[in-house]
Structures are given as C-alpha cells and as structure tokens.
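Feature list (source: Swiss-Prot):
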- 44-112: DNA-binding region (DNA_BIND)
- Cys47, Cys50, Cys64, Cys67: Zn(2+) 1 binding site (BINDING)
- Ser261, Arg298, Ser302, His329, His421: calcitriol binding site (BINDING)
- 150-447: domain 'NR LBD' (DOMAIN)
- 113-149: region 'Hinge' (REGION)
- 120-149: region 'Hinge' (REGION)
- 270-288: region 'Interaction with coactivator LXXLL motif' (REGION)
- 440-448: motif '9aaTAD' (MOTIF)
- 47-67: zinc finger (ZN_FING)
- 83-107: zinc finger (ZN_FING)
Amino acid sequence: MSELRGSWDEQQQSMAYLPDADMDTVAASTSLPDPAGDFDRNVPRICGVCGDRATGFHFNAMTCEGCKGFFRRSMKRKAMFTCPFNGDCKITKDNRRHCQACRLKRCVDIGMMKEFILTDEEVQRKREMILKRKEEEALKESLKPKLSEEQQKVIDTLLEAHHKTFDTTYSDFNKFRPPVRSKFSSRMATHSSSVVSQDFSSEDSNDVFGSDAFAAFPEPMEPQMFSNLDLSEESDESPSMNIELPHLPMLPHLADLVSYSIQKVIGFAKMIPGFRDLTAEDQIALLKSSAIEVIMLRSNQSFTMEDMSWTCGSNDFKYKVSDVTQAGHSMDLLEPLVKFQVGLKKLNLHEEEHVLLMAICILSPDRPGVQDTSLVESIQDRLSDILQTYIRCRHPPPGSRLLYAKMIQKLADLRSLNEEHSKQYRCLSFQPEHSMQLTPLVLEVFGNEIS
C-alpha cells in the first residue's frame with residue numbers, strides 16, 4: 001500500500017503541471033490517462049459500471065462522471081449500502097440510482113480503488129500547485145519579448161517589397177538573350193562542378209547568377225540613378241587580369257540575368273523603411289557596393305542542395321557551376337559561393353528573417369562612398385533589433401540557437417565573395433570582346449567597385 005501511495009503522490013505532482021487543467025475537476029477526480037494509449041479516440045468509451053459514455057479513467061477504471069462522483073462520495077463517507085433485492089442488480093444508466101449497494105460493488109469489481117481518492121490536504125496541495133503553475137506561465141508569457149506594432153509593420157513592408165521584386169515564375173527569363181551552353185566547355189567544367197558539390201557540410205556559399213533568378217517585377221530600373229557618379233579607383237593590376245579568356249557562350253545570358261537582378265535589388269531597396277531618407281549619393285553608394293551580395297542572398301531561394309544548382313523554372317534556366325564558368329568566372333569564386341549557399345540554406349531562415357538580412361546587408365554604413373554613416377548605421381541598427389526580436393519571438397529552438405550570430409557571419413562571408421567577384425569582373429571587363437556583352441547597368445554598377 002505504501003508503494004501505491006508513493007506512486008500516486010508522484011503522479012499528482014506531474015499532473016499539477018498539465019496545462020489548462022480545471023482546478024476543481026482535477027483536484028477531485030484524480031483521473032488517470034489512458035494506459036499506453038490503448039483506446040481509439042474515435043471509438044465511444046463505455047462506463048464499466050453503468051454503460052453510460054465514459055469520460056476517462058477515474059480511480060483506476062474507465063467510468064462516466066456520474067459513477068466517478070458516486071464512488072468518491074461513497075468512499076469518503078465510508079457508506080454502507082444494502083441491496084433491497086437479491087444483491088445482484090444489473091446496473092444501467094437508467095437504474096443506477098436505484099441500488100447503491102450493487103452500484104458500489106460494480107465499481108469495486110471493475111477495479112476502482114479508494115486509494116486513488118485525494119484527501120482534503122492533497123486536494124488543497126494540488127490546487128496550490130496548479131495555481132502556481134498558472135502564475136509561472138503568466139509570468140513567463142509577460143517576460144517573453146514581443147514584436148511591437150511598429151516592428152511588425154517594418155517586417156510587413158519588407159515582405160511586400162520582396163514579393164513585388166521577386167517573380168517566382170521566372171517568366172522574364174525568356175526575355176534575356178538565350179543561354180548557350182558549349183559542350184566542350186561543359187566537359188571542361190564537369191570536374192570543377194563535381195569538386196564543388198563534394199564536401200559542403202557546414203560551410204556556406206552563394207552565387208550571383210543564381211540569384212538573379214529571384215528578381216521579380218518591381219519598378220523598372222532608373223538609369224539616371226547611377227549616372228554622373230564618380231567612384232573612380234585605381235585599377236589593381238593583378239596577374240589574373242592579364243589572362244586571356246576563351247569564348248564565353250553563357251556570358252550574354254547571365255549578363256542579362258544579373259542586370260535584371262540588379263533592377264530588382266534597387267526596387268527592393270527603395271521600399272526599405274528609412275532608405276529614402278538618405279541622400280541620392282548615399283543610396284547609390286550603398287546599392288553599387290551591396291548589389292552583388294544581395295543578388296547572392298536572393299539566389300538562395302532557387303538553390304538546390306541535391307545537385308548544387310540554381311533552378312529557375314525550366315531546364316533552360318537551371319544553372320550549374322559549369323554554366324557560370326562559361327560566363328567567365330573561376331572556381332576561386334564559385335567554390336566558396338556554393339559553400340555559402342549550402343550554409344545559408346541549412347539555416348532554414350523564415351522569409352521574414354531572409355528579407356531582414358537583405359535589408360541589413362544593403363544598409364551597411366561601412367560601404368565605400370557613404371557620407372552620412374550615422375544615419376545609415378541608425379537604420380541598420382533598427383533593422384538588426386527587429387531581426388533579433390523576431391528570432392526570440394517567432395523562431396523556435398533549436399533552430400534559433402545562435403541564429404543571429406550565424407546570419408551576421410553570412411554577411412561577412414558575402415564581403416569576401418564580393419571582393420573575389422570584383423577581381424574576376426575586372427579580368428572579364430578588360431577584354432573588349434567580353435565587356436561588349438555586358439549591359440550598361442552591369443558596367444555602371446560593377447565598373448567602379450571598390451574591392
């Protein structure tokens with residue numbers, strides 16, 4: 001009996017932490033959960049005493065509420081009943097009040113035990129435990145960070161901006177110069193592609209060209225936005241810039257794709273709360289420096305880890321590493337790019353986190369050419385605060401663990417990718433037969449990059 005009482009006390013303590021428990025009902029009933037889930041929820045449960053609809057296990061037996069209460073009252077009063085008939089009455093829902101003796105006998109026969117009935121002290125203790133639990137839950141909820149109405153509005157604005165500048169059908173790709181894939185170049189790039197897809201378990205990588213796929217329908221690019229801007233810089237003559245590049249059959253198509261993506265990045269940036277408060281010169285400086293990084297971020301939506309490619313609709317617009325090599329880029333960019341894409345994909349970001357990360361990337365006060373760094377920093381800090389609050393409120397563990405730090409690390413990785421892209425772009429653009437394939441927008445945005 002002591003073992004039974006001990007196990008019962010343990011059960012009472014665990015039951016006190018069941019959420020949304022009705023205090024009086026739980027305290028009085030001492031109902032048990034269905035053993036091992038043996039009962040199908042869709043099958044009606046029958047009271048073992050009277051045949052009425054059962055509500056669960058009460059005092060170690062499946063009974064209805066009426067028989068549960070009858071047994072509890074009888075045991076507490078130590079009632080002694082006598083059957084007025086032959087002591088073998090059949091108890092039903094309709095006649096269960098007629099013979100209390102046979103009803104109580106039936107309760108005992110199906111396994112109901114008085115040891116499962118709480119004493120008055122236990123009832124009080126249970127009520128106190130339930131009340132304490134509710135108070136703890138209320139305190140926990142009150143201390144939980146919440147997105148303010150203003151913060152939610154910023155997120156909604158960024159989501160709308162992304163949806164307006166991201167065409168998931170990729171229908172505009174048909175307007176680009178068609179992709180031309182050289183079989184010879186493809187064979188040359190096959191080894192490179194296989195190397196890239198081998199061991200990307202924990203690192204991240206990301207691609208400019210895959211990203212263009214995400215750009216969608218915002219407002220058309222305004223060429224004058226980038227005109228008359230003097231961001232001249234000395235040309236870093238490096239050995240790679242003197243390399244003679246072969247025929248690049250994919251360059252025209254991917255140049256159009258990147259140009260299209262730049263337009264979408266501009267459309268997205270113009271809708272970031274606070275961006276239009278900056279001077280036109282600072283807006284241009286931020287866009288020119290961050291465009292390729294945001295394109296890489298956007299491209300993650302179409303990136304597929306199964307074959308390390310960017311799938312943008314039909315097979316014509318499925319881009320592999322070999323396609324990008326046929327546009328003039330080498331594995332010095334593509335290998336870390338794919339690693340970046342894999343790492344970013346594994347973070348399983350919510351769309352809200354993704355758009356906030358893009359906005360934070362654009363609003364970086366340390367971009368070259370930015371004049372009002374204080375204003376840019378204040379806008380970025382606001383976006384960072386919203387991102388951290390969102391993660392605490394809306395991103396459940398374990399995915400939320402160190403998520404903000406991991407996202408910020410992705411921005412650092414993008415800087416390295418940006419620098420390598422600049423080097424390879426210069427090498428490409430210095431050869432007239434290749435630079436003539438680029439669009440005016442690409443030439444304007446990447447032409448004066450500061451690496």
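Glycine is treated like the rest: Cβ placed from N, Cα and C.
On the structure: features taken from Swiss-Prot.
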residue : record                  : Cβ contacts under 8 Å, 6 or more apart
Cys47   : Zn(2+) 1 binding site   : Arg53, Ala54, Met62, Thr63, Cys64, Gly66, Cys67, Lys93
Cys50   : Zn(2+) 1 binding site   : Cys64, Gly66, Cys67, Ile91, Thr92, Lys93, Arg96, Arg103, Arg106
His329  : calcitriol binding site : His421, Gln424
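Here the binding-site residues are Arg298, His421, and the one ringed by the most other CB atoms within 10 angstroms is Arg298. Residue counts for the DNA-binding region (44-112) by DSSP state, with H, G and I taken as helix and E and B as strand, are 23 helix, 8 strand, 38 coil.
Secondary structure counts, DSSP: the region 'Interaction with coactivator LXXLL motif' (270-288) has 12 helix, 0 strand, 7 coil. Other Cβ atoms within 10 Å of the Cβ of Ser302 (calcitriol binding site), summed over all protein chains shown, number 23. The average pLDDT the prediction assigns to the domain 'NR LBD' (150-447) is 84. Secondary structure of the region 'Hinge' (113-149) per DSSP (helix as H, G, I; strand as E, B; remaining residues coil): 28 helix, 0 strand, 9 coil. DSSP assigns Ser261 (calcitriol binding site) to a helix in the three-state reduction. Take the mean position of the Cβ atoms of Cys47, Cys50, Cys64, Cys67, the recorded Zn(2+) 1 site; other residues of that chain with a Cβ within 8 Å of it are Gly48, Val49, Gly51, Asp52, Ala54, Thr63, Glu65, Gly66, Lys68, Lys93, Arg96.
Annotation: Cys67 carries the greatest number of neighbouring Cβ atoms among the binding-site residues Cys64, Cys67 [cut-off 10 Å, Cβ to Cβ].
For the motif '9aaTAD' (440-448), the DSSP counts in helix, strand and coil order read 7 helix, 0 strand, 2 coil. The local packing around Ser261 (calcitriol binding site), expressed as other Cβ atoms within 10 Å of its Cβ over all shown chains, amounts to 28.
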